[in-house]
Structure formats: C-alpha cells, structure tokens
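One structure is given here, and the rest of the page talks about it.
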Amino acid sequence: MNTLIYISALGILSLLAEIFNARKAIVPITIIGLLAIFGFNISEYNHLGSYYNNMMVVDKFSVAFSSLFIIITVFLVALSHEFYKEQKTKISDYVGIKVFLLSGAVAMVSFGNLSMFFLGIEVLSISLYILAASNRLNLKSNEAGMKYFLMGSFASGIILFGICLIYGATGSFDLNKILILINTQAYPQWYYIGIVFLLIGMLFKIATVPFHFWAPDVYEGSPALTTATMSTLAKIVAMATLYKLVTVLLPIQLYSIQIIIVCVAIASMLLGNIMALRQNNVKRMFAFSGISHAGFMVSTLLLTSNAASTLLYYASAYAIAGIAFFAVVMYVTKDKENETINSFNGLGKTHPLLAGILTAALLSMAGIPVLSGFFAKFFLLNQLVYTDWLIVVFVAIISSIISVGYYFKIIIAMYTKESEQTLPNVPVMYQIVAVVALILNIALGLFPNVVLKLL
C-alpha cells in the first residue's frame with residue numbers, strides 16, 4: 001500500500017517541478033525516486049498484509065510484479081529526456097503521466113477488491129489515451145489516440161458489466177468474501193457469465209486474437225515512446241491482472257474456460273506471427289509480435305504449478321527485450337514519418353553497438369538460446385507438456401519458427417544493405433538504456449532462478 005502512496009506522491013512532485021522551473025531535474029529526480037520506491041517495495045516482500053478493508057493486498061505476487069513494473073518505468077522515464085527534447089515545456093506532464101500510469105499498474109496487481117481493480121485499470125488506460133494522442137500536430141497520433149480511447153472504453157465497459165454480474169451473484173466486491181462464498185455454495189449462471197465478460201475485457205487490453213484489431217494502427221500512429229509503453233508495461237500489467245482475476249475467481253478452472261484460453265492462445269500465436277511477416281513498418285511488426293507473445297503469456301493460465309513464476313519470468317524477458325528494441329528504434333526512426341525496415345539499412349556499419357543490441361533483443365524475442373527469451377519459452381513449454389496441452393506446445397514451436405523470419409528481416413537490413421542516410425550522434429541516454437536492458441536480458445538468461453524462485 002505504501003508503494004502506491006509513494007508512487008502517487010512522486011507523480012505529483014514531477015508535476016510541481018514545472019512550477020519551480022526545474023525541468024532539467026525532472027527526469028533525474030523521478031528516476032532516483034523510482035529506484036528508492038523499488039528498494040522499499042522489495043523490503044515488503046516478506047511483510048504481507050491487507051489495507052483499507054482489503055481494498056489493497058500486499059503479497060509476494062503483487063510485490064514481484066510491482067517491482068518489474070517499476071524497473072520498466074525507470075527505463076521509460078530515462079528515455080523521456082531525449083525523446084521529448086523538443087517539447088521541454090511539457091516534459092513534466094509526460095513524466096508525471098508515466099508515473100501515474102505506474103500507480104494504476106501497481107493497483108491492478110495489488111487489489112483485494114474489484115472496485116480497486118477497476119480504478120487501477122482506468123488510471124492506467126486514461127494515461128495511455130493521453131500519451132497516444134500526445135503528438136497533437138501529427139494526424140496519425142490523433143487517430144491512434146481516438147482509436148485507443150474508443151476501443152479502451154469499450155473494453156472497460158465490458159469489464160464493468162462483468163463486475164456488476166459478479167456483484168449481483170455474490171453481493172460483494174471483496175475477493176476474500178467472494179472466494180468464501182464460492183467454496184460454500186453453488187452460484188447462478190450469471191456469476192460465470194460475469195467472469196467471461198471480465199476475461200473478454202482483459203483480453204482486449206492485452207490485445208489477443210480476436211480482440212487485437214486496434215493494436216497495429218494504435219502502435220503505428222502513437223509516438224514511439226508511447227508505443228514502447230503500451231507494448232511492454234501496459235501489456236504485462238494487463239496479463240498479470242488477468243492471471244490474478246482468473247486464479248482467484250476460478251480456484252477450480254472450468255474445462256470450458258480452459259478451451260477458450262487454448263483457442264485464444266493458439267490463434268494469437270499463429271495470427272500474430274503470420275501477420276508480422278507481411279509488415280514493413282517496424283511498429284506494426286512489433287504490434288503483431290506482441291500479439292503472438294500475448295498468446296504465450298495467456299497460455300500460462302493453463303498451468304497447474306509454477307504458473308505465476310513462469311508468467312513473471314516470461315513477462316520480464318519480453319518487456320526488457322522490448323525496451324532494448326525501442327531504445328534503438330527511437331534513435332533510428334527519429335523525425336521520420338514512416339518507421340520502415342529500410343530505416344535500419346547499414347546500421348551494422350554505421351553504429352555497430354546499437355545494431356548488436358537490436359540483434360540481441362530480436363533474437364531474445366525469437367527464442368534463440370543464451371538470451372532470456374529462449375529460457376522463458378522453454379520453461380513455459382516444459383510446464384505445458386506436464387499439463388498435457390501438447391497442441392499448445394506444438395503451435396508455440398511452429399509460431400516461434402515463423403517469428404524468426406520477420407525478426408531476421410531487420411537483422412539482414414542492418415548487416416547486408418547500405419545505409420541511404422546519415423544518422424546524427426547517438427544520444428548517451430539511449431545507449432545507456434539499451435546496454436543496461438541487454439545486460440539484464442542476458443543476466444535473466446544466465447540466472448533464471450533469481451526470478452523463478454520469487455513466486
């Protein structure tokens with residue numbers, strides 16, 4: 001609970017910095033504040049409890065995922081200084097919004113009451129609507145903001161309807177009371193209908209098939225840093241929340257729900273990777289890649305043991321690789337209307353360090369050994385084999401092979417084609433973020449138990 005309070009206070013401090021004309025200090029102060037909050041959050045790992053009549057719950061799940069969210073936010077805030085260099089008068093707004101977005105993320109994995117869950121998801125969603133349309137002079141950004149707002153509002157409405165049905169069936173928003181009632185009596189059909197509505201709404205937020213159609217256009221039109229936020233932080237927050245909802249509200253999974261999860265996972269893996277093969281725009285490609293990774297993460301709901309730790313590890317590997325990827329993409333595609341693969345031509349010769357980092361990030365997402373992306377998929381598929389979901393394992397392997405095709409399109413462009421443009425000097429912060437993210441990615445691959453043993 002204190003973590004959420006400190007994050008909210010830091011967001012207010014970021015906004016106040018503008019009043020005192022301390023724009024240059026906003027990013028450093030925010031990063032230091034986030035690192036301090038990260039340390040405090042870790043200290044709560046073994047101090048479990050609930051607050052405000054169980055509105056907020058501190059447990060190992062919430063602490064572990066909140067720590068991951070804080071780390072990703074540190075990277076995003078660090079990238080903000082250079083990305084918003086031409087909009088210095090608004091940097092406090094953008095940084096403040098990212099911090100408030102983090103507060104919504106923490107609330108979404110720490111809730112003990114469905115009303116707090118909905119409050120968290122709205123704080124996160126509204127922050128993203130603003131960031132998606134933040135480039136007011138760009139029509140694509142305006143379009144992305146409007147599409148994301150409409151689709152997000154639709155998903156929020158479905159989630160709220162599901163919560164209402166659950167409340168109508170149980171008479172409570174409190175998860176503990178709902179769980180006690182589930183174990184002591186049979187529920188009317190609308191309780192399970194409410195769970196299905198919750199599932200549909202969260203799948204919209206995660207962008208899985210068949211609720212994915214908004215993602216490519218929104219990712220392409222949004223500013224690159226906002227796309228990075230959506231595809232890393234927002235996606236893993238929604239996935240962690242979905243996991244908590246399903247495991248708490250359905251302590252014994254129904255076979256019909258499992259079939260829905262299997263169909264969504266398989267369709268997302270296949271369609272995401274097949275559609276990514278056809279893309280020439282890097283952000284659209286990453287949108288479809290994210291859909292396929294969402295399919296992998298959704299399949300953790302089928303596991304009977306070590307599901308939470310597997311999801312945490314996969315989310316960590318995916319998000320950190322995504323940060324390294326976008327640190328390079330933001331530099332290469334700066335001031336370009338279209339972020340095509342041709343923009344990366346010759347990067348291996350002109351900027352070998354960035355090319356190497358981008359290559360490693362892409363290989364990690366493809367599931368190539370040594371990097372953490374490989375171990376994330378390996379641990380997940382190994383657990384799926386034990387639960388006898390062999391069809392999901394087979395499709396996951398096929399889709400991983402397909403993904404190599406479009407990831408290598410970028411790698412080939414970097415190392416085999418000549419550059420058609422002269423790029424400016426690489427901002428130091430982009431290099432630092434990319435290098436640190438890559439080091440964390442490799443460390444996760446070499447020492448997976450550090451994360452796997454947290455849950």
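FYI, residue positions are counted from 1 along the chain as it appears here.
Positions of Cβ are set from backbone N, Cα and C atoms, glycine also.
Summarising the annotation, Swiss-Prot assigns transmembrane segment to 25-45, 61-81, 99-119, 149-169, 193-213, 257-277, 285-305, 312-332, 355-375, 391-411, 432-452 and lists sequence analysis as the type of evidence.
It is 312-332 that, among the stretches 61-81, 99-119, 149-169, 312-332, forms the most Cβ pairs under 8 Å with the transmembrane segment (355-375). Contact between the transmembrane segment (312-332) and the transmembrane segment (61-81) holds: at least three of their C-beta pairs are under 8 Å, each pair 6 or more apart in sequence. Beyond the ends of the transmembrane segment (257-277), by six or more residues, the same chain brings 195-196, 199, 203, 208-210, 212, 216, 246, 250, 285, 288-296, 298-299, 301-302, 389, 391-392, 395-396, 398-399, 402-403, 405-406 to within a C-beta distance below 8 angstroms of the stretch. Within its own chain, the transmembrane segment (432-452) has Cβ neighbours under 8 Å at 75, 78-79, 306, 309-310, 312-313, 316-317, 320-321, 323-324, 327-328, 353-354, 357, 360-361, 364, 370-375, 379, counting only residues six or more beyond its boundaries. Remote same-chain partners of the transmembrane segment (149-169), defined as residues 6 or more beyond its termini with a Cβ less than 8 Å from a stretch Cβ, comprise 114-115, 117-118, 121-122, 125, 128-129, 132-133, 178, 187-188, 190-191, 193-202, 204-205, 211, 214, 218, 249.
Beyond the ends of the transmembrane segment (285-305), by six or more residues, the same chain brings 203, 206-209, 212, 215-216, 218-220, 227, 231, 235-236, 239, 242-243, 246-247, 253, 258, 261-262, 264-273, 275-276, 279, 311, 314-315, 318, 322, 325, 341, 365, 377, 380, 383-384, 386-387, 389, 392, 396, 399, 403, 406-407 to within a C-beta distance below 8 angstroms of the stretch.
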